[in-house]
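**Q** Once you've had a glance at the structure underneath, I'll fire off some questions.
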Amino acid sequence: MFRRAAINAALGSARAFFSSLNTWRVRKEKHEAKPCKKGKKKLPFRERPPVPPRTWNRSAPFYAGLWEERTGHSIMLKVWTGSCWSWLKIGTLPRDLPQGYALASPSLVCKGNRWWLHTPIEKALETPTKVVEQIAFKQTCLCAVDVNLDQHLAVCTVQTVEGTILATSFIGNGTAIAGFRKRLLGRIARNRSQTGIIAQGEQDNVALWRKIRHLDEHIEHQVSARIIQFAIEQQASILVFEHLGNLRPEKGRYSRRSNLKRAYWMKGRIFKYAKYKAWNAGGIITCRVNPRHTSRQCHRCHAPVIRYNEGEPVEGYTPGAALCLCPQCQMRDHADRNASLRIGQRLIERDQEPLKEKPHARSRRATRGSKDPGVGISQDAEGEGQPSIAQARQGDHTNGPGTAQGGLRRMGMLPSDMATTLRLHFE
Ligand SMILES: [Zn+2]
């Protein structure tokens with residue numbers, strides 16, 4: 001059984017590699033077949049081909065014959081004792097099985113120098129309607145999220161496709177978290193300055209780093225969970241984020257620069273966690289839109305806004321200020337709320353435009369594509385990055401999709417050289 005699980009995992013990886021190689025080839029052919037634009041030099045195809053993994057480490061699942069009597073708090077596993085196979089009863093963390101979920105095969109996962117037994121649960125979801133089709137209905141609610149580095153970690157607004165704004169939620173106390181993190185980073189910097197050169201390959205300030213890491217992860221999970229909670233309350237079926245901008249380096253002490261970097265990473269992971277949580281919460285699709293000028297435009301008339309802090313003169317654009325005023329239509333609002341409304345509108349604009357007039361849309365898309373490539377990557381949740389439960393439940397980065405249980409997959413031929421490069425680390 002274990003051997004079969006390992007072989008299946010290897011086959012799954014190999015097939016995943018070949019299918020991504022195929023899609024890369026198709027994309028390359030498409031690029032080369034595309035006609036050259038008038039008066040412009042053709043850009044070469046720069047995307048790199050996928051490579052097979054150099055080291056390969058995968059945890060194989062226990063197949064049906066290897067586990068038994070799984071209850072809420074214990075499981076029987078068949079283990080090799082050194083001389084024979086015997087059954088061993090193991091206690092697990094108790095949890096109730098939510099409705100509609102089925103128990104799936106457990107697997108042993110190695111994290112650092114510890115072994116974890118993952119006992120996943122499974123549920124088949126209906127495929128949700130595509131975003132373009134959902135947006136054709138005027139009553140569809142979408143929840144747009146503006147993720148920030150400062151005070152409000154996430155600002156969510158729910159609006160219908162028609163433009164009715166239904167609700168807003170400000171989530172997270174970013175300033176307090178940044179202050180706490182900065183203090184810890186400052187302590188690390190001070191320790192480092194006192195001890196001098198750090199030994200190579202050795203981790204310094206282990207406890208402090210761990211604290212920072214755990215704080216960040218905790219906040220990321222809390223914020224993403226609250227975004228989803230809000231979206232469900234308001235019955236939104238689409239979640240919209242903006243693409244990550246570049247991190248602008250800032251001057252200052254180590255703790256300041258490092259703190260900003262971590263806040264930026266946090267932003268990316270809030271998106272990552274929200275994406276799979278949304279999908280698992282009943283098939284909410286997550287999209288990303290171009291971030292260009294989302295906070296500089298008015299959500300009512302799209303004119304450039306004045307952004308200012310309370311008690312300061314109302315003029316110019318102060319990045320990071322709390323309030324905004326539109327000089328054209330006199331709209332006054334919280335700047336982050338305005339930005340999140342623009343993010344939602346951008347998705348609607350993007351998906352409604354190509355449907356109106358075909359020739360017009362084509363020329364428009366061509367110019368837009370050359371200016372901001374961010375738009376090209378559309379609809380994250382729709383393509384291969386679909387966070388199904390099968391992927392999410394593995395919960396470990398070393399575990400890619402296609403690990404096993406792929407009984408439904410077609411059996412394909414595996415070239416012998418490919419098979420030899422996949423080495424099994426299996427205990
Ligand atoms: Zn305006």
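Glycine is treated like the rest: Cβ placed from N, Cα and C.
Sharing the feature lines straight out of TrEMBL:
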{"type": "COMPBIAS", "residues": "347-360", "note": "compositional bias 'Basic and acidic residues'"}
{"type": "DOMAIN", "residues": "269-343", "note": "domain 'Cas12f1-like TNB'"}
{"type": "REGION", "residues": "30-50", "note": "region 'Disordered'"}
{"type": "REGION", "residues": "346-427", "note": "region 'Disordered'"}
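Each of the listed features needs to be described in terms of its position in the shown structure.
**A** Counted with DSSP, the domain 'Cas12f1-like TNB' (269-343) comes out as 21 helix, 17 strand, 37 coil.
Tertiary proximity for the region 'Disordered' (30-50) is limited to same-chain residues at least six positions away from its ends with a CB under 8 Å from its CB atoms, namely 17, 20-21, 24, 366.
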**Q** If you average per-residue pLDDT over the domain 'Cas12f1-like TNB' (269-343), what number do you get?
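**A** Result for the domain 'Cas12f1-like TNB' (269-343): average pLDDT 88.
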**Q** When DSSP states are grouped into helix, strand and coil, how many residues of the region 'Disordered' (30-50) land in each?
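**A** Residue counts in helix, strand and coil order: 4 helix, 0 strand, 17 coil.
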